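Student: Pulled the feature table from Swiss-Prot, pasting it below:
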{"type": "TRANSIT", "residues": "1-48", "note": "transit peptide"}
{"type": "ACT_SITE", "residues": "135", "note": "active site, nucleophile"}
{"type": "SITE", "residues": "184", "note": "site 'Important for activity'"}
{"type": "BINDING", "residues": "276, 277, 278, 279, 280, 281", "note": "NADP(+) binding site"}
């Protein structure tokens, strides 16, 4: 490993040296050109200019040679990666590890997921990537050629995007590898890692990652399969356990929190305002109905979404107000729920101060319940005497109430998670041997075709009917298949037998050596070459 690292360092040095030499020569050439342009025609000057051009050409040739040499060094250093396969990793933070103030800086809007994936996969040691960004979490899933280098590149990307120093980010990030990363995603999809244990909306968000990745072509085979298996795990947990029964969602917890903060005698008469008619907003309306609320004002950019909610939910009066009337609507509300995709606050301290006071019957305080990330309501609004702000981090108070029962159900769900994890790991293990299987079949078929041609030439074309020729070809194919059956059986790693991955990989290495297939190094070299060439363009 040390030798390989040295090789890579030497390669980097070759690049740097070539660039330095090329830069110096180019600068010299430019100076000569300026002298010549100035009208000095002495032979000495002309000779020096010619010499400068020649030196520049030589420097370019040296730089090109250095690039080739560096690429060869990178090829040699492929041994660094051959000791272990590419790693699946998740790097992220959630409501459990970081405050909303940090999460909102890292939040990636759904329409920007494809661009984020493109930026991540352009990093030198990242092959595949996916982004899961919700109000409670921001997680990046990658397949990394090198664990340490890949993690460092992703953390640097997150730091650059958010403006948060990498050292500060690391205090709140969690990093999981391979089966731990996969299990985490399966638990997320099943609602086991949610602030609200068992909530259902996260499964829809995991599905959206797959749809978004497929539409943009950004998901590789490992990440794509992992997310699809996570969806399967999430569905099974909800169908085969009762974890979702009675489980609250972020939206229902927001409604519950608001009612907890209102005087009990005035809960049903409180004037409710919802800003944002998206998925979360729709769920707020649904849970207001469940609590007996008869009227809600909904502010939204367009009326179509509000009409759709009104059409679906007949048990409540829904009044539409356009976005331009948001502050007027807030002035008439006792409770303001916010759930929009705005990246800047809709309500600041100045806005809250301008709103009229609330009646003493309602506690004299206007409640802002903000379930958006980034936040729609500035924290400083709470500094206003007649206003209180609650965000998603404040929902824990509600969640704790019925947590024990769902924790027991979560234990049942872990059995399903483990089953789905084993299926995914078996599938991924099987990928290790696919290149060897293909190479071995191709190698055997080339020999078969060559020997068959020699045989047919000896017999003579005229001596064979079409049926006889076809029979001979089928015979040769059958012999090859019979001979390959045993070796290929020992390359199986799909979880259907007791053979371990180490045993299978040992068989694969043996076949690579015996038949000079050399598939591993060729694949790694190809990946590294593509990365190097991409970085040079």
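One is the number of the first residue shown, and numbering goes on along the chain from there.
The backbone N, Cα and C atoms fix where each Cβ goes, glycine too.
Structural setting of the listed features?
Tutor: Counting Cβ atoms from all protein chains shown, residue 135 (active site, nucleophile) has 24 others lying within 10 Å of its own Cβ.
Cβ-based neighbour count (10 Å, all protein chains) for residue 184 (site 'Important for activity') stands at 20.
Listed in sequence order, 305, 339, 340, 341 are the same-chain residues six or more apart from residue 278 (NADP(+) binding site) with CB atoms under 8 A from its CB.
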Student: Return the count of C-beta atoms lying within 10 angstroms of the C-beta of residue 279 (NADP(+) binding site), excluding that atom itself.
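Tutor: So the Cβ neighbour count for residue 279 (NADP(+) binding site) comes to 12.
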Student: Starting from the Cβ centroid of 276, 277, 278, 279, 280, 281, the recorded NADP(+) site, name every other residue in that chain with its Cβ within 8 Å, sequence order please.
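Tutor: The surrounding set, listed in chain order, is 274, 282, 283, 284, 305, 339, 340.
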Student: Whole-number Å only: compute the distance from the Cα of residue 276 (NADP(+) binding site) to the Cα of residue 184 (site 'Important for activity').
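Tutor: Their Cα atoms are separated by 31 Å.
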Student: Give me the CA-CA distance between residue 279 (NADP(+) binding site) and residue 135 (active site, nucleophile), in Å, as a whole number.
Tutor: 12
Student: Taking Cα atoms as reference points, rank the recorded positions 184, 277, 280, 281 by distance from residue 135 (active site, nucleophile) and give the first.
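Tutor: Closest recorded candidate to residue 135 (active site, nucleophile) by Cα: 280.
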